[in-house]
Amino acid sequence: MPTAAPPSEIAVRLRGIGKRFPGVIANDDINIDVRRGTIHAIVGENGAGKSTLMKILYGVQPPDSGTIEINGEQVTLHSPADAIKAGVGMVFQHFMLADNLTVLENVVLGAEKLHGIGAKARAEVVRISDAYGLGIDPDRLVEELGVGARQRVEILKVLYRGARIVILDEPTAVLVPQEVDELFGNLRELKAEGLSVIFISHKLDEVLSVADEITVIRRGTTVRTVEDPKGVTARQLAELMVGSELPSPSTEASTVTDQVLLRVRDLSLPSDDGRPLLQSISFEIHRGEVLGIAGVEGNGQAELVESIMGMRPAATGLVELDGADLSGRSTRDRRMSGVGYIPEDRHRHGLLLDAPLWENRILGHQFRPPSVSHGLIDKRGARNDTLRIIDEYDVRTPGPDVLARALSGGNQQKLIVGREMSGEPTLLIAAHPTRGVDVGAQAAIWRHIKDARRNGLAVLLISADLDELIGLSDRIEVILRGRFVGTFDPGDVTPERLGSAMTGAGEGE
Amino acid sequence: MTKARLTALGLGIASAVLALLAAFLITSLVLLAAGDPVGDVWGQLLSWPETRNWTNIVNNATVLYLSGLAVAVGFRMNLFNIGVDGQYRVAAFTAAVVAGEAWLPGYLNTALAIVCAMAVGAIWAGIAGVLRATRGVSEVISTIMLNFIATGLVAYLLRQVAVREEGSNQIGTKQIPEGSRIGGIPFGDYTIYGFILIAAVAGFAFWFVLNRTRFGFDLRATGRSTTAAVASGISVKKMTIAAMMISGAVAGLVGLPILFGDAYTYGSTFQSGLGFAGIAIALLGRNNPIGIAFGALLFAYLDEQSNPLQILVGVSPDIVAITQGVIVLTVVISYELVRRYGVRLEQREVARALATSRTDEPEEVKS
């Protein structure tokens, strides 16, 4: 790394940052220099340790090792208050705004000491808004604002508190393409005024278009810092992110049969406010086929999965499994007819955190051996089968009697995958099956899915990881605002093209 | 028994002991503040009861045990059935009327009355269950309201069917015929409610259904995480109604030991307030049938031992009500503390197991 920059130009310098949680090393020897007046992107897979690192820099958690320097001075951050004092501000992915207050009230809330709550505060809000082109009216109620505007209010909040270093955690996850462009415009204004922006993302196209420097994190450690983003491609970045273990689709022989297993016709789901969450979605999956669904989070993926699983009573349309009509049937009926389900949110939908692993083995499989027979729980059968999963899926645990809560996220995920692959499902609905697991376990989960596919398993795969989608799928559908907007052949599609289709840039092609 | 389960059991007992000690300490502080003789009060409360007192304690505990079980069924599914009080009074009244009419001979009459009591308790609680499942009405609110309605309803119906007891102003249902009463179990010169056997069966059934059946698994799973239960294919609405009805059915048994073993009639003086004690006892017993038995015995013991306080020490027996109330608070706090400690303990153990398997890893790769 040619550190030609004089120290005075460095806004944030992280050296040797390490952080361990029980059973997991979240960060290990992280080194990053963020120059003043630049946008520095930090990219990595889910679970690579980005969020932990930012929590350390924002004072939410102390590092176990390493040093933080801000503007050349070594600091110890015990709380976000310390971080704000040092000029570090953070905009979280989930906004923390009170809907029933005005913009001004939201901004001064908790910072009343700075400029009071009256005319001075208003003048300051207007000044900041004008200086950085945020275009914010201090008197509007937050509930009247759109997502993009709310995000600008969050940024304004941070600037109002005197931040010169602004961290944005996955800021584009909730935005539509035009809003993303606006946000990038705002970030460039901040940069022009000499502020430093740390931009966390796993969307490589966006990173390449806005960042001045890019640091790649993999398995909790910095892999490389790219000082000239123009010199790299998204594919190269992706390889850095996953450690060049990108599966190559071409080597895999197709196992798709001509037998339709899942048929979905005109699946629609209205929402409370009238805007449909899903709009007449139709598709088929054959035996031995993996259908990948690509899309920006929040475009209907979760609703699609839950509708097929029968968890959304409001859903209309036909769902047919192996010729049998499942529409209107209960979730249990659907599971009994051979559907395995790896939910997106393992804590909410996949596990009983305060129950032992063997009871979690039973969850969702209460109606069949080895865990249940004749309506009675077979504890020995469940324990033995849990031991099998622990062994086959390399779940790191002392035994089947520990509580699910005690396992790390990756090991919880491996348990769920193992459970849902049990009982020979004919259809597997997998939402982000490798989210938060380490690279080795990821490869193992992919191998299990491929093996089962060879034996005729049909898979509906939802993933935010485009390389996973391209590597595993036989066909990719892109979902945008609750409808399918394009079909791609993973054999000749690039993450770039998928990415533009996902954001609607490819619409009308 | 594995080491993990031993640890869990040890932690469970430790947390209960901790809670009781804290409650005793706070009670002592209250006594001190009021200027009452702390030593004398504890001397009386902790003195060894005589046979007569033991009989009362066991009898009272039988009733409280059923009440605790009824509440615990709801707790296992995160439902707060505050309405056990109303449910057992409606049910006991029904049983008294049915048994008093004696449509069937002997113990058949008893059995019919018990079944009717459970059914009425289930229906009464089921109202709250249906409201919760279909309209999202909090069962806390609806069961409290149903308690008031139960009080009024029973008082009203009592007037309709009542007969005046000879030589008294009290009214009650017809006396249960001798052949349908449940005889006592001899205990020294006294007798213990024969209903205690039915309570024991109820306790065993509680354990078996919750821990060994799919229905019980579904119920516990729903209590732990509604969202995960839905994803696993459990119909939460059905489970809500079922759990409330079972809770109500058990609540229907609460008044019966007194009815069939002692009072033989349901009158205006029938014991009330048993349902609320059940909440505290279920908490203290950690919704576990054995734990609830200990909780019920403790509460019955405190009640019985406090009776002579006024005469012997000059302190109002109500001090025990304070102790019982404080126990509920300390129990909740201490269980949460111990639970967190247990989770941390386990996470450390998992981390240790992981650390050892990490060092194994290179060899696995080689082989």
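Quick reminder: no glycine exception, Cβ is built from N, Cα and C everywhere.
Just so you know, TrEMBL annotations never went through curation; they're auto-generated.
Annotated by TrEMBL as transmembrane segment, the relevant range among B:140-158, B:292-310 is B:140-158. Remark: the transmembrane segment (B:110-131) makes no contact with the transmembrane segment (B:319-338), by the rule of 3 or more CB pairs under 8 A.
Across the candidate stretches B:87-104, B:140-158, B:190-210, B:241-260, the maximum count of CB pairs under 8 A to the transmembrane segment (B:57-75) is reached by B:241-260. Here the transmembrane segment (B:190-210) has Cβ contacts under 8 Å with residues 51-52, 55, 58-59, 62, 65-66, 69, 72-73, 76, 114, 182-184, 216, 219-220, 250, 253, 256-258, 260-262, 289-290, 292-293 of the same chain, all six or more residues outside its ends.
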